[in-house]
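Engineer: Just dropping this structure here.
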């Protein structure tokens, strides 16, 4: 008999589930009516769909208003129509006193669906999951005061990771601003440094222009979050909207990057032809240029190391050219390549401290070429020998064209063989503990059973790093994780947003028990919306990364890293199966390695949401590890 416990009924599935016996009685769970299908049909990797969406926005020939041209309507209705005109068809909005007018207007929309999160932070993380997986801006709405404050982590996360996001907040009426009125917070001031831009709407006539500007800012150049704060009396005020108002962004428009000069691209290619040990160091800025990057690698034969945010921009399973992830928890061979390279091609990256370690020692033998769309990133942390401020996609297209016309013979086979020797000498590996389940093995199995094609979200901690190491992403926008901010609680709501943006896709939240419980309330949203989100819970009853750092840097002195019940430390606490059951979601627990494959297959075969609680040992560490501020010579394997 399979030794994993199961709670909940498994709905009938067109795909035959693995047969197993239930060692516990089955709890009958309530059935929920199926919600209307999402209108979003954007594939995680479909540029054509994204282009169609972009062309649909602001197009009078395709947009039809339900209002006659000269009919006054409320500011809230103008706001909702402005969203419709931008192609928005789903928002994540939680109502409150200062935003109820907007919610009432949403009920009058024929095209926008609201997904009601159970917490505003869940809503903004869901909007991020939607945006990260589709490339379209995610939209979230919250009320004033505490509702707006609950968006702060999500705004900072979107800014760090360059995610296009529009956050709309209700505000107290204009006459009450600055009086410490009930549920008043100065959200514009609070979020000024964690948004790309923000607005306080003081005139109803400005709504069409502000919304248009917000979408342009959120999606152009380096994407990011924009906040629009709308006082309640502005929402209630009636006006005839002017949809032809021009944007007022003269300074921003004057700094837009220009196409790269051919002479600059030829200079880079001369450096490539002169080098013996070149390495591509690619980041999140390459997610929209995956095809061009692959072609560049075909033409040059240069090996590719990816940042945490760039995973999937080049296929991780291409063992001839992919070095997988570099940095603090990157592979030995990726970090070796950077250490001994003579040319570092840094495309769409920001030389983050988790990649570079000690800046002076990073790529110290190499000439550095930095291409990025954001001029403020060039030279900020590491001074390049050659830099080009432009869209990476345009730069790659230009270099590919030059290479195809020249037909130069570039041979870096000897260098790749040297790196392959490092791969064989220092592969990603992990310990086994008898019948216990290594978390890395669980992720490897998931990769195998999904053929590396699932959309993966994570929380933050050890499980996040293991997912980055052991799941082999094939395409961009498969990997959704809080990178720069490192916000726990991200995984579950992000999976919710990804499932809505990508109907039919397999979406799995690989989470840790610490991160998962921070937004566990979104299980209710997932069930009510009937979203097929799978949760692979790596449950070691600890804050694993904190415990690991305690072991390495604090003489293993334990300080609040245990999450279980001190009175009964051997028990699994809290019981995640009961949380799932309370929301009507099937769930199972697996404790033995030999049962894991069947358990994961059952999770994948079960229609709708499913939670698989994988009980793991807590003693393992994420390796390799380059300590913070360290160098390649300090790597722990």
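Note: Cβ is positioned from N, Cα and C throughout, glycine not excepted.
Feature table excerpt (Swiss-Prot):
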type     : residues              : note
TRANSIT  : 1-73                  : transit peptide
COMPBIAS : 46-59                 : compositional bias 'Basic and acidic residues'
BINDING  : 120                   : thiamine diphosphate binding site
BINDING  : 222, 329-350, 372-391 : FAD binding site
REGION   : 462-542               : region 'Thiamine pyrophosphate binding'
BINDING  : 513, 540              : Mg(2+) binding site
Engineer: By CA-CA distance, flag whichever of 340, 385, 513, 540 among the binding-site residues is nearest to the residue listed as 'thiamine diphosphate binding site'.
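Structural biologist: Ranked by Cα distance from the residue listed as 'thiamine diphosphate binding site', first place goes to 513.
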Engineer: With DSSP, how much of the region 'Thiamine pyrophosphate binding' (462-542) is helix, how much strand and how much coil, in residues?
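Structural biologist: With helix first, then strand, then coil, the region 'Thiamine pyrophosphate binding' (462-542) has 34 helix, 16 strand, 31 coil.
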Engineer: CB neighbours of residue 540 (Mg(2+) binding site) within 10 A?
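Structural biologist: For residue 540 (Mg(2+) binding site), the count of other Cβ atoms within 10 Å is 24.
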Engineer: How many neighbouring Cβ atoms, not counting its own, are there within 10 Å of the Cβ of residue 346 (FAD binding site)?
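Structural biologist: Taking every protein chain into account, the count is 28.
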Engineer: Which residues of the same chain, at least 6 positions away in sequence, have a Cβ lying under 8 Å from the Cβ of residue 391 (FAD binding site)?
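Structural biologist: Listed in sequence order, they are 257, 259, 289, 373.
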Engineer: Give me the Cα-Cα distance between residue 222 (FAD binding site) and residue 513 (Mg(2+) binding site), rounded to a whole Å.
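Structural biologist: Between the Cα atoms of residue 222 (FAD binding site) and residue 513 (Mg(2+) binding site), the distance comes to 33 Å.
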Engineer: For residue 340 (FAD binding site), which residues of its chain lie six or more apart in sequence with Cβ-Cβ distance below 8 Å?
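Structural biologist: Expected: 277, 365.
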Engineer: Under DSSP, is residue 346 (FAD binding site) part of a helix or a strand, or is it coil?
Structural biologist: strand
Engineer: Per 10 Å Cβ neighbour count, which of the binding-site residues 222, 385 ranks highest?
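Structural biologist: In terms of Cβ crowding, the pick is 222.
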